[in-house]
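Here the structure is laid out as structure tokens; the discussion comes afterwards.
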Amino acid sequence: MAASSNSSLSGSSVSSDAEEYQPPIWKSYLYQLQQEAPRPKRIICPGEVENRPKYYGREFHGIISREQADELLGGVEGAYILRESQRQPGCYTLALRFGNQTLNYRLFYDGKHFVGEKRFESIHDLVTDGLITLYIETKASEYISKMTTNPIYEHIGYATLLREKVSRRLSRSKNESRKTSVANEEHTAVEKISSLVRRAALTHNDNHFNYEKTHNFKVHTFRGPHWCEYCANFMWGLIAQGVRCSDCGLNVHKQCSKHVPNDCQPDLKRIKKVYCCDLTTLVKAHNTQRPMVVDICIREIEARGLKSEGLYRVSGFTEHIEDVKMAFDRDGEKADISANIYPDINIITGALKLYFRDLPIPVITYDTYPKFIEAAKISNADERLEAVHEVLMLLPPAHYETLRYLMIHLKKVTLNEKDNFMNAENLGIVFGPTLMRSPEDSTLTTLQDMRYQKLIVQILIENEDVLF
């Protein structure tokens, strides 16, 4: 399969018919090299070796020198043996023949075999992967160093029809009355495209809120041949060939992941829960300005709870709050938290506070936390307000928008103080530790900062019209 020029990937050259959509043509050079790599050749020890570790087979030759290992390998490419070190008894070495020389690697076992980061079920797989890596890095070192210079990622094309279909599907269209046949057709079209095309389609969706989000890359083992969706080159090796974004499914080489822009568009089917999910990830997955939990809970509270005595201070039943959490995790925006199901408004306020407490990164992020605390310590009120405003500008957009919306709501709560007895200071006591957590896991620091946390939230509520 030959490498494709960028022009062949442009939208104009792709049919507008989803059924005729052609994916990008991947570059197969590295795949061909993997096929050419030497195959492992196990050199078996003719006799039984005493004290052979139970996790090694007959390729283990006991305590022998490097020179003896080199002789046993006989100059055969891909040949390998295992030996115990003469200098360090109890330490084991993989002797492998490659490139007309014998390479010796310190070998480890912790339930799996490894010489570096990758861990293998068998020595055979370890050697196979090692030979592939050695061969490709020897033959194509210059090619690999230049892989990221002209990425397919920036030039990917997709059918106009597909783009419209994916945008409608992922922008939470209100038109729920489409015929089943059309829905099935769209599902088929979406399934046919890669995460890369999906990202491009979402990028062109005007309704999609443009919050920047880094990809959540994790090392991944791909079954069967896979190609990098950044550089279009084959991802070589047997295991851990590259990384996959847990949120959007983008598959790239580990070295390519350093060049991918912060444009992750989370796929809703990959987001397993609502609570405990990163805030920006959740809003991008649901295509909303703020977490829908915040919108739905606040809407319910303002509809029937603003005059409730001790609002946010009084706790609801823990079991019922957990039920609300499970409802959001299970049903998302369709969760029913109406008075018919939860007549006690304190259950809804408890669920909202729990959502904020469960965030892996608080609304007021760990990065900005010390700056907010320092701002709270300024004695001059005007200077303090200016400092708080400057730190607010450092919050990620989704965090800023969520905080802004919450403060507008809490200001409404204080306007009903004569009924609910909740002023800005009281709400600061409740929401300080809920919205702010010290990056230092120290009880002493937490106790010392509590009055500043309260003050920050109080300032945000009282000055929401000026600060946001």
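Note: Cβ is positioned from N, Cα and C throughout, glycine not excepted.
Listed features, source TrEMBL:
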type	residues	note
REGION	1-20	region 'Disordered'
COMPBIAS	1-16	compositional bias 'Low complexity'
DOMAIN	59-127	domain 'SH2'
DOMAIN	214-264	domain 'Phorbol-ester/DAG-type'
DOMAIN	277-468	domain 'Rho-GAP'
(request) Just give the helix, strand and coil counts over the domain 'Phorbol-ester/DAG-type' (214-264), going by DSSP. (result) 4 helix, 14 strand, 33 coil
(message) Mean pLDDT for the domain 'Phorbol-ester/DAG-type' (214-264), rounded to an integer?
(response) 93
(request) With DSSP as the yardstick, break the domain 'SH2' (59-127) down into helix, strand and coil residue counts. (result) 13 helix, 29 strand, 27 coil
